[in-house]
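Engineer: Below is a structure I'd like to ask you about.
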Amino acid sequence: MNTLLLFLVVVVVCKMMLQMSFYSVRVSLIVALAYAAVPLFMHGTALMLNRLEVERMLSSSEAIGNISLLIVIDLIQTVYFCIYHQRELPTHRLKRAVAIVVSFCPSLLVLPAIAYIQLHLFFSALGVSFLSLSIGLSVVIFVVFAVSGPLLRQMLGRGGSLRSELVILLSLLIFLYTIAMGLIRHNASVAAPEMKEGYKLQDFAFTLVILFLGIAMGFIYHRLREHWQRRRSSLY
């Protein structure tokens, strides 16, 4: 379960890095500073938690159901986030306010991801003080999120269509991976009388994830190739 959660956290961080490319430099710095403060505020709470108990709690069917609901809400919010960044703001005051809130609303999964990274570091980096780990994690978060926005915007172009597609693809990957994580948890097995051992759904779940990754990587490669060809042709 530890490896599954770490992979999910990595995908969530990559998704948020892509979303940072939609913000201006000033907004990126503000958001990065807000996220960098999370490990410092969570320091006292993280000291009282046990990683094994947290992972055991997260591996239960009820917890995975709650995570799935949060991911569905985040997926809907991500779609609206990408839509509002592709169109002009409406003139109506209420619609304009909703559009601004949705446009600047970060991913709902980043805060749990940061909290899990901090908890994982506390039990992995032996011999290092917890306060130093929290401060170091805050610095890394600020640098990564502050730099990733302008850098990805320069690499992928200022047009937001490609970045929107990548963000939605990562959101779908998170959704599919959560379903697979629910299937391959330790107590998810289907046994038949003729089977000598309980048949786990691990192979099926990983097949879905690998299939989606193959399709997504092919699509991303095709889109990036078109983007670089257009950019190269515009230079000549």
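Note: Cβ is positioned from N, Cα and C throughout, glycine not excepted.
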Engineer: Which one of these stretches, 17-39, 63-85, shows up in TrEMBL as transmembrane segment?
Structural biologist: 63-85
Engineer: Going along the chain, which residues at least six beyond the ends of the transmembrane segment (97-117) come within the CB cut-off of under 8 Å?
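Structural biologist: For the transmembrane segment (97-117), the far contacts come to 5, 8-9, 12-13, 15-16, 19, 22-23, 27, 31, 35, 38-39, 42, 46, 54, 70-71, 73-74, 77-78, 80-81, 84-85, 89-90, 137, 141, 174.
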Engineer: So if I exclude everything within five residues of the ends of the transmembrane segment (123-145), which remaining residues of that chain have a CB under 8 angstroms from its CBs? That is, six or more out.
Structural biologist: 13, 16-17, 20, 28, 31-33, 35-40, 42-43, 46-47, 51, 114, 117
